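A.B. asks: The structure under discussion is supplied below as structure tokens; questions concerning it will follow.
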Amino acid sequence: MSGNFRARRPASPPPGVPLSSQPQPPSFSSQRFPHPRQDHLDADSKREAASKGLYVPGRSSKANYPSGGINLTSGEIPLLLVIVLVAAGVRLYRLSKPNSVVFDEVHFGKFASRYIKTRYFVDVHPPLAKLLITLAGFLFGYDGNFDFKDIGKVYENVPYVAMRLVPALLGVFTVPLAYLTLRALDCRATTALLASLFITFENGLVTQSRHILLDSPLLFFTSLSLFSFVGFTNEDRVRPFTESWWTWLVLSGLSLGAVVSCKWVGLFTIATVGSMTVFQLWTLLGDLRVPPRLFIKHFAARALCLIIIPIFFYMTMFAIHFALLQSSGDGDGFMSSEFQHTLSGRGMQDTFADVAVGSQITIRHYNTQGGYLHSHSHNYPTGSKQQQITLYPHRDTNNDWILLNATADNTVAHDWANEPLVLITPGMRVKLRHTMTEKHLHSHDHRPPVSEVDFQNEVSGYGMPGFAGDANDDWIVEIDKDYTDSGDRKAKERLRTLKTKFKLRHALTGCYLFSHKVKLPEWAYEQQEVTCNKNAVRQNSLWFIETSWHDGMDKDQVNYKRPSFFSKFWELQQVMWTTNAGLTERHTFDSRPEQWPGLRRGINFWVKDHRQIYLVGNPLVWWMSSLAVFAWIGTCGTLVLRQKRGCRDFNNSTLLKYTTLSTPLFLGWFLHYTPFFLMSRQLFLHHYFPALYFAILLCCAWFDWGTRGLKQRVRLGIAALLIISVILTFRVRSPLAYGTPWTKKECESAKWKRTWDFS
């Protein structure tokens, strides 16, 4: 200490007054941090104080703690506005070009037409993003008459710019969310600016957001979910159960509901937030200062907002979906008969409950939803070359059959109204006569036209008017009691309409009438194949009577039971899952997950008039983000090994801070990327975009850590260099995003990898 410094002893207290009650000179700590108040308690102290009733959340703390922990300076608000304007300029530039259908606008534009026409369809994705696009088209006068049939078809009387504007604007709003998320994670403004501009000038994200596609809404709600939950986490550390705390938590739940309502990939976002929530609750459970009642309150609040609200939101989107699609459409065939009965144009009149000899019936396949047993006056081009038998998904007079007793004389005319009723019971030998062509359902030792295997026989229509037929027309009725409706006791004793599930066994060969999800070629109008199978899968050999009419019956009629919303909802989820899993055919531009981090190849969206739209990422952004992910894995692995060897790296507060803020970002990347390795369905580069978003934020978190000790001028210089490099790289490939002309030299210079197959 300096020799001129003189310590001064505090004055002695008056007699009888203890020394501790005297005012003390302000210490350095008390000058730097104002007098103690509840605002300055850490999270553990606040929970302890709250458990003792000494802390009332939401009073004095509101004035000093920014909502969600997002402490923006006055200069950042104009900066954010500039960022939004730049993002809007990049994504909205030439939005009307091309003026023709691009890539999957073929599908999602068509779905908008179906919504407006109220015609039922089935898609593998939930409805929210499609509903938003449809709303834009409807508000701008779209009548739903354009068919979106082919890529490159010129739009006519379609407000396609308004429909493209929905994903474009959501792509724009994703940019400031990235900025705010990193600021909420306590990164510097320079870092947040870097992330927002990386996303602004990422070629793949720009290309995907400019068309009538679902990935831009998906990414927006993914980013909103992350931002909301980070804000909630910050609130939870400081002032739980305040109004602001509930706001962030509810917003997180709504965002999760929205993201999974766009695509099921949103389940990975739910898994990310769910993992962080479990960690929060685990930490609370281990805090002995948190009483059980308070822990239960925390658990219940999170369960309500992060489970119940997303489920309710998701189901509400399907309620809107069902309310709009009330008419029969091309998706009917995917759904059960009960479901189809709820659609306008597919309702069925009451029909007789019993089935007798002489009944005119329609028969439906039980398992594949392929439709009705059907025949038409066209012959097989191979095999017996007799009349075709198929499954047809729509109602038609060619679905009608007369049920006859195979042991009786069927060449004479019958007066069914006056003859005694002979109900169909198990073991009866019957014939089925097609009412339109008067041919019998027939099988023989010929191979089917598609399933040419020894254990399957062809099923055909055989005979002529007045011809009694032969033994190959005879079938034995077998009732399957396990699948028959248990609510109707009579249905297990005889054939009952809608209730009885039965098999038809060929009397001579012993094979069973069978159908499976195999389409016949164009000569059979791509209808579903029907065969006679000696090794039939049980469910695929089951049938039921949908309608039954008989001149001798006049009572006991039945109809489909109208399914509840929950039944329809659950059935559609099963159909979506099955259809999605069935998308296994290869596509010219599909790719596998191991190819995505290195940006091995892109997707050709559109080619016309020597111009091309090709989805490929900005290689600088892509490769830096991938490098950041693998650097995080290596660094954390090293730190864990050092911890095992007794090193105390995690005692460093700076290292602990960056580990804490980067872990959710890595977790988001991991959970949005690795599940795709388990999928055998078609996959494309754009499936990596949610994982890419997390990787970009992680890359910028690395930048924040790496430049923490540098002067601000140096840090800004490095950021400027990175931003300029990314913008220049974006500009080189921008003709592929906007479909603008470019020269052969420019094209070749932009092709950094031979696997980028644009031309």
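Cβ coordinates come from backbone N, Cα and C, glycine included.
Heads up, TrEMBL stuff is auto-annotated, nobody curated it.
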A.B. asks: For the record in TrEMBL, which of the ranges 84-102, 502-520, 654-672 is the transmembrane segment one?
C.D. replies: 654-672
A.B. asks: What mean pLDDT does the predicted model reach across the domain 'MIR' (352-406)?
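C.D. replies: Overall, the domain 'MIR' (352-406) comes to a mean pLDDT of 93.
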A.B. asks: Who are the long-range neighbours of the transmembrane segment (620-642) in its own chain, taking Cβ under 8 Å and residues 6 or more past its ends?
C.D. replies: 198, 201-202, 204, 597-599, 649-650, 655, 659, 662, 666, 669, 692, 695-696, 698-699, 701-702, 725-726, 729
A.B. asks: Quick one: do the transmembrane segment (212-233) and the transmembrane segment (120-142) reach 3+ CB pairs under 8 Å, ignoring pairs fewer than 6 apart in sequence?
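C.D. replies: These two segments touch.
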A.B. asks: Suppose I define contact as three or more CB-CB distances under 8 A, residues 6 or more apart in sequence; do the transmembrane segment (300-324) and the transmembrane segment (120-142) meet it?
C.D. replies: yes
A.B. asks: Of the listed stretches (120-142, 162-182, 684-703, 715-732), which one yields the highest count of Cβ-Cβ distances below 8 Å with the transmembrane segment (245-261)?
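C.D. replies: Answer is 120-142, with the largest number of Cβ pairs below 8 Å.
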A.B. asks: Are there residues at least six beyond either end of the transmembrane segment (715-732) with Cβ under 8 Å to its Cβ atoms? List them, or say none.
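C.D. replies: Residues 188, 190-191, 193-194, 197-198, 201-203, 206, 618-621, 703, 707, 746, 749-750.
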